[in-house]
């Protein structure tokens, strides 16, 4: 009877200390295990597939707005200018990125699934409301398509993109590129679907509803297969956490953000206006409706191949030449007055602009200051919030420059100039980012056993 009491006495004196030390060791080992990114595996790739589906349903719709621009301008909103019509699409993409800042913070705090589910519900309700919009009622299209769908997309898109950072570090650019390529796939499917249904007796309403039912299936699957891996980022008071003010003090990151703002200010002008440009220049109407699809098919490869290269060469080393080539190619849109011209422009511009757009988020990872990339969410959120204003104003400015007289040289010169200026900003910080990337690799190599 004495021995259990003695053992109990010893345990009462030593147990708490031993168990506390054991707990600390277990916690440390657990944290080290979590920071060892799997760089693949079933859960990782299911999450990437789910993110691709979200990108398909969100940014894929945004990249197909050229179909709506053409349809509204010639059928249901004829009394409104190209600038006013493009504002609907610009509002949509504005909310996709503007909500990225709070959505990024919610993602860091562990609310990924809440964002994905609530965003899916808002988006699907809004797209069904769009199908009820009456012709010549501009505000109905603006509220349902511009605001409602945009808000739902914004709540989903940034968390669905950022979650790849839970599974990939060395191959992060590639994984994010695969996710973003979903937007190009959407840009291939939606224009064909919408153009064909809009021209039938079922018309606009059932074209939009067909998109809604397809998106419902995809978003249900995405909600079921996407999983988080890392625990929520905890608030600390020791100064080790990256705050919003810390990000705003990072001068190279601010220059990068401004440069990317300039790029996004002009890069989507051809996506909004190519179909209208081809139609007004006498290109075969049957072929014209596939102009945006051609550009997005090329963009699928543009959003994956350069990202593979970026994992080895660095994101900015790929993004800078892509931006410079895209700026030059915008002038080539003047030659898209025949079937051959539309095909050539769509293929080349789709590829190089796709590479530039898809690497924007992975390039933000070059500025992270934590080894576990716990500050990536807030950095992508800040970048997205800035890009929202570029996307809100860029296409309406191009539409205003176009005027009802269709003076095409004005918006195309504007788009090419701002994309070129953005590339120049990226060149300014190229050396700084190269040094950070090398030092980060050296730190990782030293920490490995």
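For all residues, glycine too, the Cβ spot is worked out from N, Cα and C.
What you are looking at is a predicted structure, and each value in this text was computed from that prediction instead of being measured.
Features of the protein shown, as given by TrEMBL:
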type: DOMAIN; residues: 252-449; note: domain 'Major facilitator superfamily (MFS) profile'
type: TRANSMEM; residues: 44-65; note: transmembrane segment
type: TRANSMEM; residues: 85-104; note: transmembrane segment
type: TRANSMEM; residues: 111-130; note: transmembrane segment
type: TRANSMEM; residues: 142-163; note: transmembrane segment
type: TRANSMEM; residues: 175-194; note: transmembrane segment
type: TRANSMEM; residues: 206-225; note: transmembrane segment
type: TRANSMEM; residues: 253-274; note: transmembrane segment
type: TRANSMEM; residues: 316-336; note: transmembrane segment
type: TRANSMEM; residues: 342-364; note: transmembrane segment
type: TRANSMEM; residues: 376-392; note: transmembrane segment
type: TRANSMEM; residues: 412-433; note: transmembrane segment
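Long-range neighbours of the transmembrane segment (253-274) within the same chain, counting only residues 6 or more positions beyond its ends whose Cβ lies under 8 Å from a Cβ of the stretch, are 63, 65-66, 69, 82, 86, 89, 93, 187, 247, 291-292, 295, 323, 326-327, 330, 333, 336, 342, 345-346, 349, 353, 356-357, 360, 363-364, 367, 379, 382-383, 386-387, 389-391, 393-395, 398, 402, 411-412, 414-419, 421-426, 428-429, 433.
Only pairs six or more apart in sequence are counted, and the transmembrane segment (111-130) with the transmembrane segment (206-225) gives three or more Cβ pairs under 8 Å, enough to call it a contact. In this chain, the transmembrane segment (206-225) lies apart from the transmembrane segment (85-104): fewer than three C-beta pairs between them fall below 8 angstroms, excluding pairs fewer than 6 positions apart. Between the transmembrane segment (175-194) and the transmembrane segment (44-65), three or more CB pairs separated by 6 or more residues in sequence fall under 8 Å, so the two stretches touch. Per-residue pLDDT, averaged over the domain 'Major facilitator superfamily (MFS) profile' (252-449), rounds to 85.
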